[in-house]
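Colleague: Here's a structure for you.
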Amino acid sequence: MSETTSWQPSASVANLLKRASIIAAIRRFFTDRGVLEVETPAMSQATVTDIFLYPFQTRFVGPGAADGMTMYLMTSPEYHMKRLLAAGSGPIFQLCRSFRNEESGRHHNPEFTMLEWYRPHYDMYRLMNEVDDLLQQVLDCESAEMLSYQQAFLRHLELDPLSVDKAQLREAAEKLGLGDIACREDDRDSLVQMLFTFGVEPHIGRDKPAFVYHFPATQASLAEISSEDHRVAERFEVYFKGIELANGFRELTDADEQRQRFEQDNRKRAARDLPQQPIDENLLAALKHGLPECAGVALGVDRLIMLALNAEKLSDVIAFSVERA
C-alpha cells in the first residue's frame with residue numbers, strides 16, 4: 001500500500017454528526033409541510049442535453065442486453081420527479097446522490113447530495129419564499145435579497161444583459177481580464193453567462209443570501225418564458241458567500257417546446273464538437289400526458305452544510321471526497 005494512501009474520512013466525525021442533524025432538519029421541514037419524500041433511479045437510458053453538464057456514462061450488461069445498454073448516472077433527479085408529478089404525486093421532495101463528471105475542488109465533488117423539490121400550483125415567487133424560509137432555518141441567516149438578473153448586471157457591470165451587443169460584452173470582458181477568452185467566443189449568450197460568472201456572482205450574497213431571478217430567455221433551460229416579458233425566463237438562482245446554492249424554475253409544461261429546446265441543445269453540442277445526448281422520451285411523454293403547473297428547485301446540500309458549519313471546503317463536510325473514495 002502506498003505511504004500516501006489515507007483510509008480516513010475527509011470530514012471529522014463531529015462534522016458528520018452535525019451533517020446528520022441538518023439533513024434530519026431538512027426532512028422535518030418538508031414533512032411538516034405535507035411534502036412527500038420520494039426516491040427515483042440514479043441511472044437512466046437518457047440524460048441531460050445542457051452543453052455545460054457532463055454526465056457519467058456506463059454500460060449495463062444483463063439478460064436481454066447482450067450487447068450492453070448505455071446508461072447515464074443522473075446529474076439531477078428532475079426528469080424522474082416530473083414523471084411522478086404527471087402521475088399525480090402532488091408536492092414531492094428528494095434527498096439523493098447526483099453525479100457530474102466535472103471538476104473536483106473547494107466547492108465541487110463529482111458525487112454530491114442534491115435536495116430537489118416540486119410544488120404544484122406554486123409560482124416562481126412563492127417557491128423563492130419557501131427556499132428563503134429553509135435557508136433561514138438551516139443557516140440562521142437574514143431573509144434574502146431579491147433582484148432580477150437585469151438589475152444585478154446593471155448594478156455591477158453597468159450593462160443591460162437583455163439588450164447589450166457582443167462588442168460591448170467583449171469590452172466588459174477585457175476589463176475583467178477575460179479578453180482572450182471573449183475574443184474566441186462568438187455566442188452572445190455564452191459571453192453574457194461568462195460576465196455574470198466573473199463580474200456579478202462574486203459581488204452578490206455576501207452578507208445574506210441573494211436570489212437572482214428572471215434569467216434571459218436564452219438561458220431558460222426547463223423553465224417557462226415570462227408572460228409579462230418574453231425576454232426573460234421564470235428561472236432563479238441563489239447565491240451566498242460566493243457559492244451558488246440553488247437553481248429553480250416555474251416549470252415548462254409544453255412537451256413540444258421542451259423537445260425543441262433539447263434539440264437546440266444538441267445542435268449547440270454538435271457545433272462545439274461535444275457528443276449529442278439521447279433525449280429523454282419518457283419525460284416528453286409525461287409532459288404530453290400533462291404536467292401540472294408547478295415550480296421546482298434543486299439545492300446543493302453539501303454546499304449548504306459547508307455554509308452552515310463555516311467549513312472551508314466541501315471535503316470538510318462529506319465523509320469521503322473523490323480523492324479518498
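Keep in mind that glycine also has a Cβ here, set from the backbone N, Cα and C atoms.
Since we're looking at a predicted model, the values are computed, not measured.
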Colleague: Considering the substrate binding residues Ser76, Pro77, Glu78, Glu251 given in Swiss-Prot, which of Tyr118, Tyr125, Tyr213 is annotated for that site as well?
Modeller: Tyr118
Colleague: Setting Ser76, Pro77, Glu78, Tyr118, Glu251 aside, what same-chain residues sit with their Cβ within 8 Å of the center of the Cβ atoms that define the substrate site, listed in sequence order?
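Modeller: Apart from the listed residues, the neighbours are Tyr79, His80, Met81, Lys82, Glu116, Leu222, Gly296, Ala298.
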Colleague: Going by DSSP, is Glu78 (substrate binding site) sitting in a helix, a strand, or coil?
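Modeller: Glu78 (substrate binding site) sits in a helix per DSSP.
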Colleague: Take the Cβ of Gly300 (ATP binding site) and count every other Cβ within 10 Å, whichever protein chain it belongs to.
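Modeller: Result for Gly300 (ATP binding site): 23 other Cβ atoms within 10 Å.
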Colleague: Taking Cα atoms as reference points, rank the binding-site residues Arg100, Glu102, Asn109, Leu245 by distance from Tyr118 (substrate binding site) and give the first.
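Modeller: Of all the candidates listed, Leu245 is nearest in space.
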Colleague: For Glu244 (ATP binding site) and Ser76 (substrate binding site), what Cα-Cα distance in Å is obtained after rounding to a whole number?
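Modeller: Distance (Cα to Cα, whole Å): 16 Å.
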Colleague: About how far apart, in whole Å, are the alpha carbons (Cα) of Glu251 (substrate binding site) and Leu245 (ATP binding site)?
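Modeller: If we compare the Cα positions of Glu251 (substrate binding site) and Leu245 (ATP binding site), the gap is 19 Å.
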Colleague: From the Cα of Glu78 (substrate binding site) across to the Cα of Arg100 (ATP binding site), what is the distance in angstrom?
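Modeller: About 14 Å separate the Cα atoms of these two residues.
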